[in-house]
Amino acid sequence: MSLISILSPLITSEGLDSRIKPSPKKDASTTTKPSLWKTTEFKFYYIAFLVVVPLMFYAGLQASSPENPNYARYERLLSQGWLFGRKVDNSDSQYRFFRDNFALLSVLMLVHTSIKRIVLYSTNITKLRFDLIFGLIFLVAAHGVNSIRILAHMLILYAIAHVLKNFRRIATISIWIYGISTLFINDNFRAYPFGNICSFLSPLDHWYRGIIPRWDVFFNFTLLRVLSYNLDFLERWENLQKKKSPSYESKEAKSAILLNERARLTAAHPIQDYSLMNYIAYVTYTPLFIAGPIITFNDYVYQSKHTLPSINFKFIFYYAVRFVIALLSMEFILHFLHVVAISKTKAWENDTPFQISMIGLFNLNIIWLKLLIPWRLFRLWALLDGIDTPENMIRCVDNNYSSLAFWRAWHRSYNKWVVRYIYIPLGGSKNRVLTSLAVFSFVAIWHDIELKLLLWGWLIVLFLLPEIFATQIFSHYTDAVWYRHVCAVGAVFNIWVMMIANLFGFCLGSDGTKKLLSDMFCTVSGFKFVILASVSLFIAVQIMFEIREEEKRHGIYLKC
(Lines of atoms letter the chains of each structure in order from A and count residues from 1; the text may use other names and numbers.)
(Lines give C-alpha, C1' and ligand atoms only; values in the text may rest on other atoms or scores of the structure.)
Protein backbone atom coordinates (compact mmCIF):
# COMPACT_ATOMS: atom_id res chain seq x y z
CA MET A 1 0.00 0.00 0.00
CA SER A 2 1.53 3.33 -1.10
CA LEU A 3 1.83 6.41 1.08
CA ILE A 4 -0.55 8.27 -1.24
CA SER A 5 -3.29 5.66 -0.81
CA ILE A 6 -2.85 5.83 2.98
CA LEU A 7 -3.01 9.63 3.13
CA SER A 8 -5.66 10.09 0.43
CA PRO A 9 -8.68 9.75 2.80
CA LEU A 10 -7.14 12.49 4.96
CA ILE A 11 -6.83 15.09 2.21
CA THR A 12 -9.53 14.41 -0.39
CA SER A 13 -13.17 15.45 -0.33
CA GLU A 14 -14.20 11.83 -0.98
CA GLY A 15 -12.65 10.93 2.36
CA LEU A 16 -15.01 13.36 4.10
CA ASP A 17 -18.35 12.27 2.70
CA SER A 18 -19.40 8.99 1.10
CA ARG A 19 -21.85 10.97 -1.05
CA ILE A 20 -18.88 12.37 -2.95
CA LYS A 21 -17.71 9.72 -5.38
CA PRO A 22 -16.44 9.52 -8.98
CA SER A 23 -19.21 10.03 -11.52
CA PRO A 24 -19.33 8.21 -14.87
CA LYS A 25 -21.21 11.03 -16.61
CA LYS A 26 -19.63 12.60 -19.70
CA ASP A 27 -20.85 15.93 -21.09
CA ALA A 28 -19.65 19.48 -21.72
CA SER A 29 -19.60 20.29 -18.00
CA THR A 30 -17.25 17.38 -17.25
CA THR A 31 -14.63 18.20 -19.89
CA THR A 32 -11.21 18.59 -18.27
CA LYS A 33 -8.10 20.48 -19.29
CA PRO A 34 -4.47 19.31 -19.26
CA SER A 35 -2.80 19.36 -15.85
CA LEU A 36 -0.85 22.51 -14.94
CA TRP A 37 0.85 21.20 -11.80
CA LYS A 38 4.27 20.70 -13.46
CA THR A 39 4.26 23.81 -15.65
CA THR A 40 6.72 26.69 -15.21
CA GLU A 41 3.83 28.97 -14.26
CA PHE A 42 2.83 26.77 -11.33
CA LYS A 43 6.42 26.24 -10.18
CA PHE A 44 6.55 30.01 -9.71
CA TYR A 45 3.32 29.79 -7.71
CA TYR A 46 4.86 27.15 -5.42
CA ILE A 47 7.77 29.47 -4.66
CA ALA A 48 5.32 32.27 -3.90
CA PHE A 49 3.45 29.98 -1.48
CA LEU A 50 6.69 29.07 0.31
CA VAL A 51 7.38 32.78 0.86
CA VAL A 52 3.93 34.28 1.48
CA VAL A 53 2.27 31.71 3.77
CA PRO A 54 5.02 31.80 6.44
CA LEU A 55 4.91 35.62 6.30
CA MET A 56 1.18 35.50 6.99
CA PHE A 57 1.70 33.42 10.13
CA TYR A 58 4.61 35.63 11.15
CA ALA A 59 2.42 38.76 10.89
CA GLY A 60 -0.20 37.10 13.10
CA LEU A 61 2.46 36.09 15.61
CA GLN A 62 3.80 39.65 15.72
CA ALA A 63 0.34 41.02 16.44
CA SER A 64 -0.10 38.41 19.22
CA SER A 65 3.37 38.72 20.72
CA PRO A 66 3.81 39.75 24.39
CA GLU A 67 6.33 42.27 23.03
CA ASN A 68 3.58 44.00 21.04
CA PRO A 69 2.60 47.29 22.81
CA ASN A 70 -1.08 46.29 22.50
CA TYR A 71 -0.60 43.01 24.41
CA ALA A 72 -1.51 44.52 27.79
CA ARG A 73 -4.91 45.61 26.43
CA TYR A 74 -6.13 42.07 25.78
CA GLU A 75 -3.99 39.94 28.14
CA ARG A 76 -6.87 39.77 30.66
CA LEU A 77 -8.91 37.77 28.12
CA LEU A 78 -6.26 35.04 27.85
CA SER A 79 -6.31 31.85 29.93
CA GLN A 80 -3.58 29.47 31.01
CA GLY A 81 -2.84 27.12 28.11
CA TRP A 82 -1.37 23.64 27.83
CA LEU A 83 0.90 24.01 24.78
CA PHE A 84 4.53 25.08 25.25
CA GLY A 85 3.70 27.22 28.28
CA ARG A 86 1.73 29.69 26.17
CA LYS A 87 -1.55 31.31 27.11
CA VAL A 88 -4.67 30.37 25.16
CA ASP A 89 -7.23 32.72 23.65
CA ASN A 90 -10.45 31.17 24.95
CA SER A 91 -12.41 34.42 24.71
CA ASP A 92 -14.90 33.32 22.05
CA SER A 93 -18.00 32.46 24.11
CA GLN A 94 -19.45 30.00 21.59
CA TYR A 95 -16.31 27.92 21.19
CA ARG A 96 -15.53 28.25 24.91
CA PHE A 97 -18.84 26.51 25.67
CA PHE A 98 -17.87 23.62 23.39
CA ARG A 99 -14.23 23.51 24.51
CA ASP A 100 -15.08 23.53 28.22
CA ASN A 101 -17.67 20.76 27.73
CA PHE A 102 -15.69 18.67 25.24
CA ALA A 103 -14.84 15.96 27.79
CA LEU A 104 -18.50 15.73 28.86
CA LEU A 105 -19.66 15.43 25.24
CA SER A 106 -17.04 12.75 24.53
CA VAL A 107 -18.16 10.70 27.54
CA LEU A 108 -21.81 11.11 26.52
CA MET A 109 -20.95 9.94 23.00
CA LEU A 110 -19.27 6.78 24.31
CA VAL A 111 -22.04 6.10 26.85
CA HIS A 112 -24.81 6.58 24.27
CA THR A 113 -23.27 4.36 21.59
CA SER A 114 -22.28 1.66 24.12
CA ILE A 115 -25.70 1.49 25.78
CA LYS A 116 -27.46 1.44 22.41
CA ARG A 117 -25.37 -1.46 21.12
CA ILE A 118 -25.93 -3.45 24.30
CA VAL A 119 -29.69 -2.81 24.28
CA LEU A 120 -30.11 -3.64 20.57
CA TYR A 121 -28.04 -6.81 20.97
CA SER A 122 -29.78 -8.11 24.09
CA THR A 123 -33.40 -7.01 23.51
CA ASN A 124 -35.98 -6.72 20.74
CA ILE A 125 -36.05 -2.91 20.93
CA THR A 126 -35.60 -1.29 17.51
CA LYS A 127 -33.21 1.56 16.77
CA LEU A 128 -36.11 3.97 16.40
CA ARG A 129 -37.60 3.05 19.78
CA PHE A 130 -34.23 3.40 21.49
CA ASP A 131 -33.71 6.80 19.86
CA LEU A 132 -37.15 7.86 21.13
CA ILE A 133 -36.47 6.86 24.75
CA PHE A 134 -32.89 8.13 24.92
CA GLY A 135 -33.82 11.28 22.99
CA LEU A 136 -36.55 12.24 25.46
CA ILE A 137 -34.20 11.61 28.40
CA PHE A 138 -31.52 13.75 26.76
CA LEU A 139 -34.05 16.47 25.93
CA VAL A 140 -35.11 16.76 29.58
CA ALA A 141 -31.51 16.62 30.80
CA ALA A 142 -30.47 19.35 28.36
CA HIS A 143 -33.41 21.74 28.71
CA GLY A 144 -35.29 20.60 31.82
CA VAL A 145 -38.81 21.97 32.15
CA ASN A 146 -38.32 24.00 28.97
CA SER A 147 -38.63 20.70 27.10
CA ILE A 148 -42.38 21.28 27.40
CA ARG A 149 -42.08 24.37 25.20
CA ILE A 150 -40.18 22.42 22.53
CA LEU A 151 -42.63 19.50 22.62
CA ALA A 152 -45.56 21.93 22.40
CA HIS A 153 -44.21 23.43 19.15
CA MET A 154 -43.57 19.92 17.81
CA LEU A 155 -47.08 18.69 18.59
CA ILE A 156 -48.77 21.78 17.15
CA LEU A 157 -46.95 21.35 13.84
CA TYR A 158 -47.67 17.62 13.89
CA ALA A 159 -51.37 18.35 14.40
CA ILE A 160 -51.45 20.91 11.57
CA ALA A 161 -49.90 18.42 9.12
CA HIS A 162 -52.19 15.54 10.06
CA VAL A 163 -55.43 17.50 10.31
CA LEU A 164 -54.84 19.19 6.93
CA LYS A 165 -53.14 16.23 5.22
CA ASN A 166 -55.79 16.04 2.49
CA PHE A 167 -55.11 19.66 1.54
CA ARG A 168 -51.36 19.60 0.97
CA ARG A 169 -50.94 23.18 -0.23
CA ILE A 170 -52.91 24.65 2.69
CA ALA A 171 -51.10 22.36 5.13
CA THR A 172 -47.69 23.31 3.71
CA ILE A 173 -48.40 27.05 3.92
CA SER A 174 -49.76 26.66 7.47
CA ILE A 175 -46.71 24.66 8.56
CA TRP A 176 -44.33 27.28 7.17
CA ILE A 177 -46.26 30.14 8.77
CA TYR A 178 -46.32 28.54 12.20
CA GLY A 179 -42.78 27.19 11.84
CA ILE A 180 -41.32 30.63 11.14
CA SER A 181 -43.54 32.21 13.79
CA THR A 182 -42.00 29.90 16.43
CA LEU A 183 -38.73 31.80 15.97
CA PHE A 184 -40.48 35.06 16.85
CA ILE A 185 -42.45 33.44 19.69
CA ASN A 186 -39.27 32.02 21.20
CA ASP A 187 -37.44 35.32 20.81
CA ASN A 188 -40.09 37.20 22.77
CA PHE A 189 -41.46 34.55 25.15
CA ARG A 190 -38.60 32.09 25.74
CA ALA A 191 -38.80 32.62 29.52
CA TYR A 192 -42.53 33.39 29.74
CA PRO A 193 -43.73 32.06 33.12
CA PHE A 194 -45.88 28.93 32.99
CA GLY A 195 -47.96 30.41 35.80
CA ASN A 196 -49.06 33.25 33.52
CA ILE A 197 -50.51 30.71 31.10
CA CYS A 198 -52.45 28.86 33.79
CA SER A 199 -52.18 29.27 37.56
CA PHE A 200 -51.91 25.55 38.32
CA LEU A 201 -48.80 25.41 36.08
CA SER A 202 -46.92 27.90 38.29
CA PRO A 203 -44.90 25.14 40.09
CA LEU A 204 -43.19 24.44 36.75
CA ASP A 205 -41.50 27.85 36.98
CA HIS A 206 -39.35 26.50 39.82
CA TRP A 207 -38.41 23.17 38.26
CA TYR A 208 -35.04 22.07 36.84
CA ARG A 209 -34.00 24.22 33.82
CA GLY A 210 -31.49 21.78 32.34
CA ILE A 211 -27.80 21.81 31.51
CA ILE A 212 -28.59 24.33 28.75
CA PRO A 213 -31.20 26.79 30.11
CA ARG A 214 -31.20 28.79 26.85
CA TRP A 215 -33.27 26.19 25.01
CA ASP A 216 -34.23 28.68 22.30
CA VAL A 217 -30.64 28.97 21.03
CA PHE A 218 -30.67 25.38 19.76
CA PHE A 219 -34.35 25.30 18.79
CA ASN A 220 -33.48 26.61 15.31
CA PHE A 221 -31.92 23.23 14.47
CA THR A 222 -34.91 21.45 16.02
CA LEU A 223 -37.21 23.47 13.75
CA LEU A 224 -35.43 22.19 10.64
CA ARG A 225 -36.09 18.60 11.69
CA VAL A 226 -39.70 19.36 12.64
CA LEU A 227 -40.34 20.93 9.23
CA SER A 228 -38.58 18.06 7.47
CA TYR A 229 -40.83 15.44 9.08
CA ASN A 230 -44.07 17.29 8.37
CA LEU A 231 -43.19 18.16 4.77
CA ASP A 232 -41.99 14.60 4.08
CA PHE A 233 -45.23 13.26 5.60
CA LEU A 234 -47.40 15.49 3.41
CA GLU A 235 -45.48 14.45 0.31
CA ARG A 236 -45.83 10.76 1.21
CA TRP A 237 -49.55 11.09 2.00
CA GLU A 238 -50.25 12.78 -1.34
CA ASN A 239 -48.28 10.11 -3.22
CA LEU A 240 -50.19 7.42 -1.33
CA GLN A 241 -53.49 8.90 -2.48
CA LYS A 242 -52.13 8.75 -6.04
CA LYS A 243 -51.34 5.03 -5.50
CA LYS A 244 -47.58 5.48 -5.88
CA SER A 245 -45.82 2.37 -4.55
CA PRO A 246 -42.78 2.42 -2.23
CA SER A 247 -39.59 3.12 -4.15
CA TYR A 248 -37.57 0.37 -2.50
CA GLU A 249 -39.81 -2.68 -2.87
CA SER A 250 -37.47 -4.57 -5.18
CA LYS A 251 -33.90 -5.63 -4.43
CA GLU A 252 -32.63 -3.57 -7.35
CA ALA A 253 -34.36 -0.42 -6.09
CA LYS A 254 -33.21 -1.11 -2.52
CA SER A 255 -29.60 -1.32 -3.68
CA ALA A 256 -29.96 1.95 -5.59
CA ILE A 257 -31.35 3.73 -2.54
CA LEU A 258 -28.52 2.45 -0.38
CA LEU A 259 -26.09 4.16 -2.71
CA ASN A 260 -28.13 7.18 -3.80
CA GLU A 261 -28.74 10.02 -1.37
CA ARG A 262 -31.26 11.71 -3.66
CA ALA A 263 -33.40 8.56 -3.71
CA ARG A 264 -33.26 8.31 0.07
CA LEU A 265 -34.60 11.86 0.39
CA THR A 266 -37.81 10.84 -1.33
CA ALA A 267 -37.91 7.19 -0.22
CA ALA A 268 -41.58 6.25 0.10
CA HIS A 269 -41.78 4.61 3.51
CA PRO A 270 -44.93 2.80 4.67
CA ILE A 271 -47.30 5.40 6.07
CA GLN A 272 -47.00 3.76 9.50
CA ASP A 273 -43.39 4.98 9.65
CA TYR A 274 -44.67 8.57 9.83
CA SER A 275 -45.94 7.95 13.36
CA LEU A 276 -45.77 10.31 16.32
CA MET A 277 -43.21 8.04 18.00
CA ASN A 278 -40.86 8.08 15.00
CA TYR A 279 -41.39 11.84 14.69
CA ILE A 280 -40.21 12.44 18.26
CA ALA A 281 -37.36 9.91 17.86
CA TYR A 282 -36.12 11.79 14.79
CA VAL A 283 -36.43 15.30 16.22
CA THR A 284 -34.72 14.35 19.52
CA TYR A 285 -32.07 12.07 17.97
CA THR A 286 -29.26 12.67 20.47
CA PRO A 287 -26.07 12.78 18.31
CA LEU A 288 -27.54 15.47 16.04
CA PHE A 289 -29.88 17.23 18.45
CA ILE A 290 -27.71 20.16 19.52
CA ALA A 291 -26.48 21.49 16.18
CA GLY A 292 -26.82 18.89 13.43
CA PRO A 293 -25.63 18.17 10.75
CA ILE A 294 -29.13 18.06 9.30
CA ILE A 295 -30.56 14.85 7.89
CA THR A 296 -34.09 14.60 6.49
CA PHE A 297 -36.76 12.44 8.13
CA ASN A 298 -36.96 10.08 5.14
CA ASP A 299 -33.20 9.55 5.13
CA TYR A 300 -33.06 9.07 8.91
CA VAL A 301 -35.79 6.41 8.90
CA TYR A 302 -34.20 4.61 5.97
CA GLN A 303 -30.78 4.53 7.61
CA SER A 304 -32.34 3.34 10.87
CA LYS A 305 -33.49 0.25 8.97
CA HIS A 306 -30.64 -0.21 6.48
CA THR A 307 -26.91 0.18 7.09
CA LEU A 308 -25.18 2.20 4.38
CA PRO A 309 -21.86 1.01 2.88
CA SER A 310 -20.13 4.08 4.37
CA ILE A 311 -20.69 2.77 7.90
CA ASN A 312 -17.42 0.84 8.06
CA PHE A 313 -14.31 0.92 10.23
CA LYS A 314 -11.97 2.43 7.62
CA PHE A 315 -14.19 5.40 6.76
CA ILE A 316 -15.04 6.16 10.40
CA PHE A 317 -11.39 5.79 11.51
CA TYR A 318 -10.10 8.24 8.91
CA TYR A 319 -12.93 10.64 9.70
CA ALA A 320 -12.00 10.50 13.40
CA VAL A 321 -8.37 11.27 12.50
CA ARG A 322 -9.47 14.29 10.46
CA PHE A 323 -11.54 15.46 13.42
CA VAL A 324 -8.53 15.21 15.76
CA ILE A 325 -6.36 17.12 13.25
CA ALA A 326 -8.96 19.92 13.09
CA LEU A 327 -9.21 20.00 16.89
CA LEU A 328 -5.43 20.25 17.35
CA SER A 329 -5.18 22.88 14.58
CA MET A 330 -7.65 25.02 16.50
CA GLU A 331 -5.65 24.56 19.71
CA PHE A 332 -2.42 25.66 18.02
CA ILE A 333 -4.10 28.74 16.54
CA LEU A 334 -5.68 29.71 19.88
CA HIS A 335 -2.33 29.32 21.66
CA PHE A 336 -0.18 31.19 19.15
CA LEU A 337 -2.55 33.68 17.49
CA HIS A 338 -4.66 35.63 19.98
CA VAL A 339 -6.70 37.32 17.27
CA VAL A 340 -10.13 36.89 18.91
CA ALA A 341 -9.01 38.72 22.05
CA ILE A 342 -7.34 41.39 19.90
CA SER A 343 -10.59 41.92 17.98
CA LYS A 344 -12.70 42.08 21.14
CA THR A 345 -10.49 44.80 22.66
CA LYS A 346 -9.66 46.50 19.32
CA ALA A 347 -6.00 46.19 20.28
CA TRP A 348 -4.50 46.93 16.86
CA GLU A 349 -3.16 50.46 17.36
CA ASN A 350 -0.04 51.10 15.24
CA ASP A 351 -0.26 47.61 13.70
CA THR A 352 0.50 47.52 9.97
CA PRO A 353 -2.26 46.92 7.38
CA PHE A 354 -0.74 43.48 6.81
CA GLN A 355 -0.97 42.63 10.52
CA ILE A 356 -4.55 43.93 10.81
CA SER A 357 -5.58 41.94 7.73
CA MET A 358 -4.03 38.80 9.26
CA ILE A 359 -5.93 39.45 12.50
CA GLY A 360 -9.06 39.45 10.39
CA LEU A 361 -8.09 36.45 8.24
CA PHE A 362 -7.20 34.23 11.19
CA ASN A 363 -10.41 35.34 12.88
CA LEU A 364 -12.30 34.01 9.86
CA ASN A 365 -10.37 30.75 10.11
CA ILE A 366 -11.31 30.48 13.79
CA ILE A 367 -14.97 31.10 12.94
CA TRP A 368 -14.73 28.31 10.36
CA LEU A 369 -13.03 25.93 12.80
CA LYS A 370 -15.36 26.69 15.72
CA LEU A 371 -18.27 25.56 13.54
CA LEU A 372 -16.47 22.71 11.80
CA ILE A 373 -15.20 21.02 14.98
CA PRO A 374 -18.56 20.61 16.79
CA TRP A 375 -20.24 19.55 13.55
CA ARG A 376 -17.57 16.92 12.92
CA LEU A 377 -17.82 15.64 16.49
CA PHE A 378 -21.60 15.26 16.20
CA ARG A 379 -21.29 13.66 12.75
CA LEU A 380 -18.63 11.28 14.09
CA TRP A 381 -21.02 10.40 16.91
CA ALA A 382 -23.79 9.69 14.38
CA LEU A 383 -21.43 7.59 12.23
CA LEU A 384 -20.52 5.48 15.25
CA ASP A 385 -24.27 5.07 15.77
CA GLY A 386 -24.85 3.98 12.16
CA ILE A 387 -26.25 7.22 10.70
CA ASP A 388 -24.34 8.93 7.87
CA THR A 389 -25.26 12.61 7.58
CA PRO A 390 -23.91 15.06 4.98
CA GLU A 391 -20.55 16.62 5.84
CA ASN A 392 -21.21 20.27 6.63
CA MET A 393 -17.92 21.75 5.39
CA ILE A 394 -16.02 20.14 2.53
CA ARG A 395 -13.84 23.14 1.67
CA CYS A 396 -11.44 25.06 3.86
CA VAL A 397 -12.63 28.62 4.35
CA ASP A 398 -9.43 29.78 2.57
CA ASN A 399 -10.24 27.62 -0.46
CA ASN A 400 -13.17 29.71 -1.74
CA TYR A 401 -13.35 32.31 -4.48
CA SER A 402 -17.04 32.23 -5.45
CA SER A 403 -19.90 33.53 -3.33
CA LEU A 404 -22.29 30.92 -4.75
CA ALA A 405 -19.84 28.09 -4.20
CA PHE A 406 -18.99 29.37 -0.72
CA TRP A 407 -22.69 29.18 0.21
CA ARG A 408 -22.90 25.57 -1.04
CA ALA A 409 -19.79 24.45 0.86
CA TRP A 410 -20.52 26.30 4.13
CA HIS A 411 -23.06 24.45 6.31
CA ARG A 412 -23.66 22.02 3.47
CA SER A 413 -26.36 19.93 5.15
CA TYR A 414 -28.35 23.11 5.78
CA ASN A 415 -27.90 24.11 2.15
CA LYS A 416 -29.19 20.69 1.07
CA TRP A 417 -32.18 21.12 3.40
CA VAL A 418 -32.94 24.56 1.96
CA VAL A 419 -32.68 23.26 -1.61
CA ARG A 420 -35.07 20.37 -0.90
CA TYR A 421 -37.73 22.24 1.05
CA ILE A 422 -37.54 25.83 -0.29
CA TYR A 423 -35.51 26.22 -3.50
CA ILE A 424 -36.98 23.32 -5.54
CA PRO A 425 -40.62 23.74 -4.39
CA LEU A 426 -40.49 27.42 -5.42
CA GLY A 427 -39.26 26.63 -8.92
CA GLY A 428 -35.49 26.37 -8.53
CA SER A 429 -33.42 27.87 -11.33
CA LYS A 430 -36.58 28.79 -13.30
CA ASN A 431 -37.18 31.64 -10.83
CA ARG A 432 -33.63 32.15 -9.62
CA VAL A 433 -33.95 35.68 -8.23
CA LEU A 434 -37.28 34.99 -6.50
CA THR A 435 -36.13 31.68 -5.02
CA SER A 436 -32.83 33.24 -3.92
CA LEU A 437 -34.72 36.03 -2.12
CA ALA A 438 -36.92 33.45 -0.38
CA VAL A 439 -33.93 31.29 0.54
CA PHE A 440 -31.79 34.07 1.99
CA SER A 441 -34.75 35.67 3.75
CA PHE A 442 -35.37 32.38 5.56
CA VAL A 443 -31.64 31.93 6.21
CA ALA A 444 -31.42 35.40 7.76
CA ILE A 445 -34.52 34.96 9.95
CA TRP A 446 -33.43 31.44 10.94
CA HIS A 447 -30.05 32.71 12.12
CA ASP A 448 -31.44 35.55 14.22
CA ILE A 449 -34.57 37.70 14.48
CA GLU A 450 -32.99 41.00 13.46
CA LEU A 451 -33.89 43.39 10.66
CA LYS A 452 -30.20 43.93 9.85
CA LEU A 453 -29.79 40.20 9.18
CA LEU A 454 -32.82 40.22 6.89
CA LEU A 455 -31.28 43.16 5.02
CA TRP A 456 -28.01 41.18 4.99
CA GLY A 457 -29.84 38.30 3.30
CA TRP A 458 -31.27 40.57 0.61
CA LEU A 459 -27.91 42.26 0.06
CA ILE A 460 -26.32 38.85 -0.48
CA VAL A 461 -28.78 38.24 -3.32
CA LEU A 462 -27.82 41.58 -4.89
CA PHE A 463 -24.15 40.71 -4.44
CA LEU A 464 -24.67 37.32 -6.12
CA LEU A 465 -26.25 38.84 -9.24
CA PRO A 466 -23.00 40.23 -10.77
CA GLU A 467 -21.31 36.85 -10.34
CA ILE A 468 -24.30 35.06 -11.90
CA PHE A 469 -24.39 37.44 -14.89
CA ALA A 470 -20.60 37.42 -15.35
CA THR A 471 -20.58 33.62 -15.30
CA GLN A 472 -23.27 33.52 -17.99
CA ILE A 473 -21.49 36.09 -20.18
CA PHE A 474 -17.99 34.59 -20.01
CA SER A 475 -19.11 30.93 -20.14
CA HIS A 476 -18.96 31.16 -23.96
CA TYR A 477 -15.18 31.75 -23.84
CA THR A 478 -14.05 28.81 -21.69
CA ASP A 479 -11.63 27.62 -24.39
CA ALA A 480 -9.90 31.01 -24.75
CA VAL A 481 -6.32 31.28 -23.49
CA TRP A 482 -7.16 34.33 -21.40
CA TYR A 483 -10.32 32.88 -19.81
CA ARG A 484 -8.64 31.35 -16.74
CA HIS A 485 -6.76 34.57 -15.94
CA VAL A 486 -9.81 36.82 -16.37
CA CYS A 487 -11.75 34.51 -14.06
CA ALA A 488 -8.90 34.74 -11.55
CA VAL A 489 -9.06 38.55 -11.61
CA GLY A 490 -12.81 38.41 -10.99
CA ALA A 491 -12.25 35.89 -8.20
CA VAL A 492 -9.72 38.19 -6.51
CA PHE A 493 -12.32 40.97 -6.47
CA ASN A 494 -14.87 38.49 -5.10
CA ILE A 495 -12.52 37.42 -2.31
CA TRP A 496 -11.78 41.01 -1.30
CA VAL A 497 -15.49 41.80 -1.06
CA MET A 498 -16.30 38.58 0.83
CA MET A 499 -13.40 39.09 3.24
CA ILE A 500 -14.22 42.73 3.97
CA ALA A 501 -17.92 41.92 4.44
CA ASN A 502 -17.14 39.07 6.84
CA LEU A 503 -14.48 41.08 8.67
CA PHE A 504 -17.04 43.82 9.19
CA GLY A 505 -19.76 41.45 10.35
CA PHE A 506 -17.86 38.92 12.43
CA CYS A 507 -14.34 40.10 13.29
CA LEU A 508 -13.24 43.71 13.19
CA GLY A 509 -16.55 45.54 13.39
CA SER A 510 -17.06 49.00 11.92
CA ASP A 511 -14.09 50.65 13.69
CA GLY A 512 -11.60 47.95 12.75
CA THR A 513 -12.83 47.71 9.17
CA LYS A 514 -12.67 51.49 8.73
CA LYS A 515 -9.11 51.55 10.06
CA LEU A 516 -8.10 48.67 7.80
CA LEU A 517 -9.59 50.32 4.70
CA SER A 518 -8.08 53.68 5.64
CA ASP A 519 -4.62 52.16 6.11
CA MET A 520 -4.96 50.15 2.89
CA PHE A 521 -5.93 52.99 0.57
CA CYS A 522 -4.69 56.15 2.30
CA THR A 523 -1.08 55.21 3.05
CA VAL A 524 1.81 54.28 0.77
CA SER A 525 2.60 51.12 2.74
CA GLY A 526 -1.09 50.18 2.72
CA PHE A 527 -1.38 50.62 -1.04
CA LYS A 528 1.71 48.45 -1.54
CA PHE A 529 0.05 45.83 0.66
CA VAL A 530 -3.13 45.91 -1.45
CA ILE A 531 -1.14 45.31 -4.64
CA LEU A 532 0.98 42.50 -3.15
CA ALA A 533 -2.05 40.93 -1.47
CA SER A 534 -4.01 41.01 -4.72
CA VAL A 535 -1.14 39.32 -6.56
CA SER A 536 -0.97 36.69 -3.81
CA LEU A 537 -4.73 36.13 -4.04
CA PHE A 538 -4.44 35.81 -7.83
CA ILE A 539 -1.87 33.04 -7.35
CA ALA A 540 -4.00 31.35 -4.69
CA VAL A 541 -7.03 31.41 -6.99
CA GLN A 542 -5.05 29.74 -9.77
CA ILE A 543 -4.23 26.93 -7.34
CA MET A 544 -7.91 26.71 -6.35
CA PHE A 545 -8.91 26.42 -10.01
CA GLU A 546 -6.42 23.61 -10.58
CA ILE A 547 -7.53 21.73 -7.44
CA ARG A 548 -11.05 21.64 -8.86
CA GLU A 549 -9.77 20.60 -12.31
CA GLU A 550 -7.83 17.77 -10.66
CA GLU A 551 -11.02 16.64 -8.94
CA LYS A 552 -12.77 16.59 -12.32
CA ARG A 553 -9.97 14.44 -13.75
CA HIS A 554 -10.86 11.89 -11.08
CA GLY A 555 -14.59 12.11 -11.81
CA ILE A 556 -15.45 14.35 -8.83
CA TYR A 557 -17.79 17.17 -9.86
CA LEU A 558 -18.52 19.47 -6.94
CA LYS A 559 -20.42 22.74 -7.27
CA CYS A 560 -18.21 24.52 -4.75
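Quick reminder: no glycine exception, Cβ is built from N, Cα and C everywhere.
According to Swiss-Prot, the protein carries these features:
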type	residues	note
ACT_SITE	His447	active site
TOPO_DOM	1-43	topological domain 'Extracellular'
TOPO_DOM	65-101	topological domain 'Cytoplasmic'
TOPO_DOM	123-131	topological domain 'Extracellular'
TOPO_DOM	153-165	topological domain 'Cytoplasmic'
TOPO_DOM	186-276	topological domain 'Extracellular'
TOPO_DOM	298-322	topological domain 'Cytoplasmic'
TOPO_DOM	344-352	topological domain 'Extracellular'
TOPO_DOM	374-432	topological domain 'Cytoplasmic'
TOPO_DOM	475-485	topological domain 'Cytoplasmic'
TOPO_DOM	507-526	topological domain 'Extracellular'
TOPO_DOM	548-560	topological domain 'Cytoplasmic'
TRANSMEM	44-64	transmembrane segment
TRANSMEM	102-122	transmembrane segment
TRANSMEM	132-152	transmembrane segment
TRANSMEM	166-185	transmembrane segment
TRANSMEM	277-297	transmembrane segment
TRANSMEM	323-343	transmembrane segment
TRANSMEM	353-373	transmembrane segment
TRANSMEM	433-453	transmembrane segment
TRANSMEM	454-474	transmembrane segment
TRANSMEM	486-506	transmembrane segment
TRANSMEM	527-547	transmembrane segment
What counts of helix, strand and coil residues does DSSP assign across the topological domain 'Cytoplasmic' (153-165)?
11 helix, 0 strand, 2 coil
Among 44-64, 277-297, 353-373, point out the range having the most Cβ pairs under 8 angstroms from the transmembrane segment (132-152).
277-297
Distant-in-sequence neighbours of the transmembrane segment (527-547), which means Cβ under 8 A and at least six residues beyond its ends:
35-37, 41-42, 45, 48-49, 52, 352-354, 357, 398-401, 484, 487-489, 491-492, 495-496, 520-521
Around His447 (active site), how many other C-beta atoms are within 10 angstroms of its C-beta?
14
What parts of the chain pack near the topological domain 'Extracellular' (507-526), using Cβ distances under 8 Å and only residues at least 6 beyond its ends?
339, 343, 346, 348, 352-353, 356-357, 359-360, 363-364, 367, 500
Against which stretches of its own chain does the topological domain 'Cytoplasmic' (153-165) lie, if we need a Cβ under 8 Å and a gap of at least six residues from its ends?
171, 174-175, 178-179, 182, 219, 222-223, 226-227, 229-230, 233-234, 237, 276, 279-280, 283
Where else in the chain does the transmembrane segment (102-122) make close Cβ contacts, counting only residues six or more beyond its ends and a cut-off under 8 Å?
130, 134, 286-287, 377, 380-381, 384-385
Chain residues outside the topological domain 'Cytoplasmic' (548-560) and at least six past its termini with a C-beta under 8 angstroms from it:
13-14, 20-25, 29-30, 32-33, 35-37, 394-395, 400, 402, 405-406, 408-409
Taking a Cβ cut-off under 8 Å, which residues six or more beyond the ends of the topological domain 'Cytoplasmic' (65-101) line up next to it in the same chain?
330-332, 334-342, 344-345, 347-351, 366, 370, 373-374
Secondary structure content of the topological domain 'Extracellular' (186-276), with strand meaning DSSP E or B:
62 helix, 0 strand, 29 coil
Per DSSP, what is the helix/strand/coil residue tally across the topological domain 'Cytoplasmic' (548-560)?
6 helix, 0 strand, 7 coil
